[in-house]
Amino acid sequence: MMKRQFEDVTRIVIKIGTSSLVLPTGKINLEKIDQLAFVISSLMNKGKEVILVSSGAMGFGLDILKMEKRPTNLAKQQAVSSVGQVAMMSLYSQIFAYYQTNVSQILLTRDVVVFPESLANVTNAFESLISLGIVPIVNENDAVSVDEMDHATKFGDNDRLSAVVAGITKADLLIMLSDIDGLFDKNPTIYEDAQLRSHVANITQEIIASAGGAGSKFGTGGMLSKVQSAQMVFENKGQMVLMNGANPRDILRVLEGQPLGTWFKQIEEVRHD
């Protein structure tokens, strides 16, 4: 049996999706955000370095503007996200402050990490914030990012963004919170006999084929993007845990080595009992 060893993990990227932050009613999940802030603050107090990649700008914007569904018009989508981003960061700042943890905002577009000079600048920004004991909260800059063939600046979704952030910050571990327990061998919402994969050492065609499906009405990420993100993590010699975000305190259990979710780690690096 492969044992998870996270004792030496110092720098952690945690990604939380819209489905974990916004209730099915469209209202903000205040309890979840409070739990997340508590966990991250606890980790910071223990000497860990934590970067939070947070979706939710669209969900927050829809709630504030009392809109029931995402606009189809791109300009309106960007406007709603812009409103929601301010509200989301305001709430994060208030709740983290209760736990005496300071946060900052970093909004990225894909072109920032493509060009060496801007990549160096954003890397330095991360390092400076971390050295000051601040939790960077990262999101895609939805108000200005586009997905045009001649000038693509979108990452696609925040699953991929979290993998990019983990790579450029040389994080020891990416923890991806989802609305599902991990990666299954088939869709658990359709097949009752679906089995959770506890460990994935390689992203095979079989795994890619079984990871179909889209995201929620508030978010964009599906299981396929999570698998593709794991592949990006592997390319950077990193590791990732995909787990259910229903109880953020489970992050602490994962770091203790408990076998929750799916652990993505290349097999040549796995330690055995």
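Backbone N, Cα and C atoms are what each Cβ position is placed from, and that goes for glycine too.
Since this is a predicted model, take the numbers as computed values, not measurements.
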From Ser55, Ser225, Ser229, the one annotated by Swiss-Prot with Asp142, Asn158 for substrate:
Ser55
Could you tell me which of these binding-site residues, Ser55, Asn158, Ser225, has the fewest other Cβ atoms within 10 Å of its Cβ?
Ser225
At the level of the C-alpha atoms, what whole-angstrom distance separates Met223 (ATP binding site) and Asn158 (substrate binding site)?
12
Work out how many Å separate Asp142 (substrate binding site) and Ser225 (ATP binding site) at their Cα atoms, rounded off.
18
In Å, how large is the greatest distance between any two Cα atoms among Ser55, Asp142, Asn158, the listed binders of substrate?
11
Roughly how many Å lie between the Cα atoms of Lys15 (ATP binding site) and Asn158 (substrate binding site), rounded to a whole value?
8
Among the binding-site residues Asp142, Asp179, which residue has the largest number of other Cβ atoms within 10 Å of its own Cβ?
Asp142
